[in-house]
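As written in TrEMBL, here are the features:
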TRANSMEM  B:16-36  transmembrane segment
DOMAIN    B:18-238  domain 'MacB-like periplasmic core'
TRANSMEM  B:270-294  transmembrane segment
DOMAIN    B:274-395  domain 'ABC3 transporter permease C-terminal'
TRANSMEM  B:315-348  transmembrane segment
TRANSMEM  B:368-388  transmembrane segment
TRANSMEM  B:409-432  transmembrane segment
TRANSMEM  B:438-461  transmembrane segment
DOMAIN    B:493-692  domain 'MacB-like periplasmic core'
TRANSMEM  B:493-514  transmembrane segment
DOMAIN    B:725-841  domain 'ABC3 transporter permease C-terminal'
TRANSMEM  B:725-747  transmembrane segment
TRANSMEM  B:770-795  transmembrane segment
TRANSMEM  B:815-835  transmembrane segment
Amino acid sequence: MTTTDSREPAAARAGEVWKVYGTGEARVVALRGVSAEFERGRFTAIMGPSGSGKSTLMHCLAGLDTVDRGEVHVGGTKITGMGDKALTRLRRDRVGFIFQQFNLLPTLSAQENIRLPLDIAGRKPDPQWWDIVIDTVGLRDRLSHRPSQLSGGQQQRVACARALIGRPDVIFADEPTGNLDSRSGAEILSFLRASVREHNQTIVMVTHDPVAASYADRVVFLADGAIVDELTGPTPETVLDMMKRLDTHAEPVML
Amino acid sequence: MLRATLKSLLARKLRLILSGLAVVLGVMFVAGAFVVTDTLSKSFDSLFASAYSTTDVGVTAKPKVAVSEFEGEEVVTPLPASALAQVRGVPGVKSAAGLVDADGARVIGSDGKVLTSVGPPRIGSAWAGTDDLVQLREGRGPTADDEFVVNATVAKAAGIKVGDRVGVLTLEPKKEFKLVGIYGYSGDRDSLGGVQEVAFTEPVAQKLMLGQTGVYSSVRVQAEPGVTPEALRDRIAATLGDGYVTKTGDQLVADTSADLQAGLGFFTNILLGFAGVALFVGIFLILNTFSIIVAQRTRELALMRALGASRRQMIGSVLVEAVVIGLIASVLGLAAGVGVGALLAYLFNSFAGGGMQLGTVGVPLTAIISSFVVGVLVTVVAAVLPALRASRIAPVAAMQDVATPDRPLTKVSVAGGVVTAAGATGLGLGLFADMGDATLWTILAGVLVSFIGIALLTPLISRPVVSAIGRLFSWSLPGRLGRLNSGRNPRRTAITAAALMVGIALVTGVTVVMDSAKASLKAEAATILKAEVVISGDQNGPRPPTYDPAVLRDTAKIPGVRAVAGLWNDQVTINGENHYVNATDNLAGLKDAFGNTAVGTPSTLRDDQLAVSVPEAQDYGWQVGTKLTIQPARGDPREYTIAAVYPEDSLPGSYVLPVAAAKDFGITQPTMGFVRLADGYAVSQVLPQVKALLADSPEVSAQDAQAFVDEQAATFDTLITMIQILLALAILIAVLGVINTLALSVLERTRELGLLRAVGLGRAQTMRMVTVEAVVISVFGALLGVVVGAGMGTAVTRALKSDGITELVLPWERMGTYLVLAALVGVIAAVLPAIRAARLNVLGAIAHD
């Protein structure tokens with residue numbers, strides 16, 4: 001939906017990104033010169049042990065956090081150095097979010113929650129796309145329910161629909177299945193994969209679950225703030241292998 | 001346990017400061033009331049000690065008409081020269097001086113206006129030379145009958161200097177005197193306690209201030225060495241016999257000071273009223289804060305229970321917090337109260353007292369004790385309910401991650417209904433049943449209990465009403481979110497709004513009554529008053545404004561004037577009882593002015609006749625021909641015969657005497673006048689001429705009837721304004737409550753705010769969302785207040801129907817203003833929480849637990 005030039009820039013791109021927290025003794029380098037591209041129409045997972053900087057990378061890519069050095073682009077736009085107003089507008093119009101905690105507004109119905117980003121922007125949903133999204137997440141009969149009347153899996157599906165409805169350049173998902181049982185988790189993941197494959201959406205997902213990562217087209221591995229490897233066409237086994245190889249002294253990877 | 005409590009207290013400093021502020025304000029007014037009274041009392045004592053420093057014994061004549069503080073100023077009964085001679089003959093008297101001083105010498109300033117006084121008298125006296133107390137600053141004492149001196153306060157206020165010719169109004173109309181000197185008092189004081197004093201030669205002072213020469217207002221006695229004032233007092237009293245009041249200097253100091261302090265009682269009551277309102281509203285605030293704190297700490301409290309804390313310990317832990325807050329608030333309130341008290345004493349002294357030397361600021365023990373009792377008690381009372389709630393938290397809540405479900409509102413609503421009914425019953429009893437002395441208290445209690453009841457009912461109505469109000473703002477997404485947020489916690493919204501309700505309900509209620517009274521007055525005046533032109537003035541001191549009776553004679557000669565009637569008035573005793581009476585020089589004219597066509601009223605009164613109103617005659621069983629003994633302020637009692645009984649309101653007041661009676665009144669000049677025009681003449685033709693005649697009577701002016709009625713009605717506006725200022729305080733405290741609630745809401749919804757910001761809600765939109773929530777809560781409170789206030793005001797107005805308030809006026813415009821103001825208040829209250837919400841770090845907010 002956004003106009004792009006002929007070179008089709010990546011949906012999101014990090015160039016030599018550094019991120020440092022604290023000073024002196026408490027200084028922690030979260031990202032040390034990370035460069036990565038996330039192509040359009042692809043489902044990318046970012047993996048890594050706790051403290052590897054995967055969440056920080058995603059926050060920087062999404063314009064939620066600032067970088068200390070380097071540049072971040074979303075679509076063809078450089079977002080590094082943007083003010084709050086421009087960043088807010090970027091998040092509203094060109095980025096979608098899915099969180100581990102669902103983060104739905106309890107006062108709004110499912111339908112209102114899904115429409116929220118459009119309402120904030122003062123836009124109307126495209127009715128065709130609306131139907132596609134609602135049917136894909138299978139929420140048509142639950143639209144008037146409040147979040148408290150929905151199960152965890154249903155709530156996360158509402159959150160996914162909310163992220164998709166604006167057809168953003170890229171959707172960032174932060175451990176989207178972390179709070180769900182495995183069946184609901186699998187539903188969400190298949191649904192995310194379907195929206196990439198069938199509807200040409202772009203998703204960047206942070207996870208430490210190898211099964212979740214295996215739904216992606218490509219997995220990027222982070223350790224100690226740097227990209228150390230990547231896999232294309234992953235399976236749970238290959239991902240787990242890679243993780244084991246990457247960091248032997250890190251805490252055991254959850255299954 | 002205690003340590004845990006104190007730790008959690010410290011962790012929520014800001015919250016507690018906000019809610020404690022209401023208690024601080026309340027305590028401040030309580031302490032301030034005591035401090036200002038104490039400070040001024042001490043200052044009065046030292047002032048009069050100074051004024052009476054040269055007096056061992058003082059003698060005055062017993063007043064002929066004893067007048068209470070509320071009835072007006074007592075008229076000095078003069079003491080004959082023979083009494084002075086008698087006192088001089090008493091053994092042990094070293095010297096006895098006859099003094100002449102009385103209230104009512106009104107100086108006309110260089111701007112042609114009469115010097116006004118807010119309280120202290122305007123004394124005219126006989127010049128007695130300088131002494132230890134009185135010191136000439138400029139010029140000399142008066143020696144000729146057309147000379148006078150003034151104290152420095154008068155000279156400054158009037159803008160006059162030695163050599164000027166100055167007009168003075170006394171018992172007689174304006175007379176001009178040459179100012180020959182200006183005096184002050186020991187210690188370089190311009191005045192004693194703000195008193196405006198002028199002094200003439202003795203015969204002039206006697207004539208102008210006491211009504212006749214050769215008399216004195218009091219005798220100041222100094223004792224010979226070795227004679228105690230008490231012994232001398234008793235000797236003088238025995239010599240003079242009945243009819244005189246003899247006091248020692250110390251007694252005079254104590255009595256005069258006590259008189260003035262009684263006047264301060266009003267002042268104290270206003271401050272205590274402030275305190276009461278502040279504390280009542282404060283209770284809502286504290287209750288709300290504690291409820292929220294308990295709700296927020298549910299897990300923590302449940303954990304304590306799980307670890308073995310008993311229910312009593314839970315209650316104790318919350319109450320200890322309340323006591324600590326109460327204590328801190330009391331200390332702060334007391335300190336602020338001492339400041340406010342000192343400030344008020346200073347202001348009082350500068351504006352009303354004028355140049356009194358203030359004693360040191362006194363902090364009486366009563367101030368300290370009542371501050372702490374009030375502060376701690378109010379806080380603890382407000383915390384009881386939340387404490388009980390805390391004790392009911394089940395230990396298992398520590399393990400569950402469920403938001404506290406909405407508790408049903410049935411119980412609280414039933415309780416609210418019962419309490420409201422009880423309050424309404426009390427109000428009804430107070431208004432409509434005869435409760436005697438308890439009436440005022442019954443009404444007050446009824447109002448308070450009703451407020452509590454309505455506050456309990458508020459959660460029930462909050463959902464639909466808040467939702468309806470919110471619809472006004474729903475046109476935008478932030479508005480809609482704000483509306484939804486304000487409906488989320490009906491209890492919290494309700495109690496916040498209820499705090500605002502109290503202040504606005506009180507203002508609205510009072511306004512309804514006042515506006516109704518005003519409309520009734522206007523309606524009544526329009527039907528009663530037929531005079532086209534009215535002569536009257538603003539009363540700006542203890543004595544009413546007067547004018548030269550010659551004006552009446554001259555006005556009658558103006559072409560187009562059909563009738564002129566002057567009105568004199570004073571307190572007299574009739575058959576031994578105090579009554580307020582009028583006298584007129586033209587009964588026919590007065591009848592004309594009041595449209596009295598009652599058969600049987602004569603058109604003139606002989607000098608020994610009077611007219612009495614029907615209700616008064618019925619009360620006492622009098623009729624035409626009954627003889628009454630009337631004692632005026634001066635002279636001897638006289639017998640009058642009732643010549644007419646007139647229907648109420650067909651003549652002014654309840655008694656009308658002939659003008660001859662007025663020469664013995666305390667104020668011997670007319671205070672009002674009524675002019676009727678002949679047919680075919682317009683007010684505009686006559687009014688300027690009447691005004692011209694009043695040039696030498698600057699205290700009064702002539703107006704057309706409509707302007708006069710409007711002016712009378714305007715006094716109600718002043719009252720309404722005063723009440724509004726008083727209750728602005730209550731509203732201010734309620735605003736603190738709104739801020740508090742919003743700040744908590746923002747804190748609780750950190751995560752949601754973060755999400756909204758993450759999906760693209762701008763800072764301005766975030767602020768708008770919070771603001772709408774505040775405005776909705778405020779408008780809800782104001783709406784409740786306006787409705788409740790209008791209801792209570794209507795009830796009171798209806799109850800006063802028999803007392804002459806026949807009209808019922810609902811001040812729509814003012815009520816609308818209150819609603820708009822409330823919206824504004826909401827916007828202001830939202831500023832800080834909104835900024836906080838907008839500044840929220842998006843990332844931190846999403847990660848917030």
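Cβ atoms here come from the backbone N, Cα and C positions, even for glycine.
Caution: TrEMBL annotation is automatic and unverified by curators.
Across the domain 'ABC3 transporter permease C-terminal' (B:274-395), DSSP assigns 103 helix, 0 strand, 19 coil. Across the domain 'ABC3 transporter permease C-terminal' (B:725-841), DSSP classifies residues as 101 helix, 0 strand, 16 coil. Ranked by number of Cβ pairs under 8 Å to the transmembrane segment (B:770-795), the listed stretches B:315-348, B:493-514, B:725-747 are led by B:493-514. If you look at the transmembrane segment (B:493-514), the same-chain residues 6 or more away from its ends with a CB under 8 A from one of its CBs are 277, 280-281, 284-285, 287-288, 291, 447, 451, 454-455, 458-459, 462, 466, 486-487, 716, 719-720, 723-724, 727-731, 733-735, 737-738, 740-741, 777-778, 780-782, 784-786, 788-790, 792-794, 796-797, 800, 805, 808-811, 814-815, 818, 822, 825. Sequence-distant contacts of the transmembrane segment (B:368-388) (same chain, at least 6 residues past either end, Cβ-Cβ under 8 Å): 20, 23, 26-27, 30-31, 34, 275, 279, 282-287, 290-291, 293-294, 314-315, 318-319, 321-323, 325-327, 329-330, 333-334, 337. Within the chain carrying the transmembrane segment (B:270-294), a Cβ under 8 angstroms from the stretch's Cβ atoms is held by residues 12, 15-16, 18-20, 22-23, 25-30, 32-33, 36, 301, 318, 321-322, 325, 344, 374, 378-379, 381-383, 385-387, 389-390, 393, 448, 451, 455, 491-492, 495-496, 498-499, 502-503, 506, 726-727, 729-730, 733-734, 736-737, 740-741, 744, all 6 or more beyond its ends. In the predicted model, the domain 'ABC3 transporter permease C-terminal' (B:725-841) has a mean pLDDT of 85.
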